Amino acid sequence: MDAQLGTTLTFSQMLFITLHSLPSFLDWSKHTSLPRLKPRQVPFARWAAQVLVLTTGSLLNNWAYAYNVPLTVQIVFRSAGLAVSMLFGYTFLKKRYSIAQIAAVIFVSVGVVVVTLSRPSSTHASDPLSPWRYSLGVLMLTVSLLLTGVLGMLQELTYSRYGPCWKEGVFYTHFLSLPIFVFLVPDIKAGFRSLSSQPPATAALVPYLVLAANLITQLICVSGVNQLTSRVSSVSTNLVLTTRKAISLCFSVWWFGNGWNTQLGLGAGMVFLGSLLYTLVSAGSAGSGSGPKTSARKGPKRKHE
């Protein structure tokens, strides 16, 4: 997969989710023949900040496919979002965590490092630029991971102040991202040409069917994550995402045969075991009345035109 196809995938996801959500946010007034957007519950500036973070992170994440980073490594690497969420919660939201919770997250972080270093040395061994490409891909994933943490924090702050308006969040964060792709039109066109230029043995519609399946699953994932973030903290959301990534990892190894080795297995086990330990510790803390402090969620504010 090349970087241009990654851009096409990101654009397709943004456009599809926007078109799916648009009818719910149109106001067909009797006084005008053209529809207009309904009043917002959240100020425009808050959505704009999330758009910049979401689009940049999505592009970097999809571009990483073109830099020799195996899918299994990507899945486990992104599971470090739990540690990033905790770090941002401690630094910016003034949350406090127990020693056991911190230890669990460190366990996850070490596991991610083990996985990152697990790439088979034989892969692209004849290409002298391969280590540099792999390092660049890991750098992209690192920046994308940090941006994901920023996005989770922004979403948590928004929903805690303006109420659980997750549907509005899904629509505006995707709708407002579309103008950014004006600067990436050549890459988008090249990506669609790549989808159409499959070998003769491959059915012409198969790549587009795969793309359609990706768009539908992305819609379900984005809607679920935003709804979850509107109800719980970003750290708890990342726990759910880590579980989903565990399932994705198992499916990837089983279906695609994506380079499983002992080091990758060890690192993946550390990531998922650390996430499980964090869940158990947090559940125990909640039952005893302690644990990370979160702000009470307030009701919705006035509408914004």
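Note that Cβ sites are derived from N, Cα and C of the backbone, with glycine treated the same way.
Positions annotated as compositional bias 'Basic residues' by TrEMBL: 295-305.
As annotated by TrEMBL, region 'Disordered' applies to 284-305.
What TrEMBL records for 47-65 (among others) is transmembrane segment.
Sequence annotations record features per position, and here TrEMBL assigns transmembrane segment to 71-92 (among others).
The list of residues near the transmembrane segment (99-118) in space but at least 6 beyond its ends in sequence, with Cβ under 8 angstroms from a Cβ of it, reads 72-73, 76-77, 79-80, 82-83, 86, 138, 242, 261, 263-264, 266-271, 273-275, 277-278, 281-282, 285, 291-292. Look at TrEMBL and you will find 99-118 (among others) tagged as transmembrane segment.
What TrEMBL records for 138-157 (among others) is transmembrane segment. Long-range contacts of the transmembrane segment (138-157) within the same chain, counting only residues at least 6 positions beyond its ends with a Cβ under 8 Å from a Cβ of the stretch, are 46, 49-50, 53-54, 56-58, 60-61, 63-64, 67, 69, 74, 77-78, 80-81, 84-85, 87-89, 92-93, 116, 169, 226, 229-230, 233-234, 237-238.
Feature annotation from TrEMBL assigns transmembrane segment to 169-185 (among others).
For 205-225 (among others), the entry in TrEMBL reads transmembrane segment. Residues of the same chain lying 6 or more positions beyond the ends of the transmembrane segment (205-225) and with a Cβ under 8 Å from any Cβ of it are 9, 12-13, 16-17, 20, 166-167, 170, 174, 195-196, 198, 237, 241, 244.
According to TrEMBL, the transmembrane segment annotation covers 237-257 (among others).
The annotation transmembrane segment is assigned in TrEMBL to 263-281 (among others).
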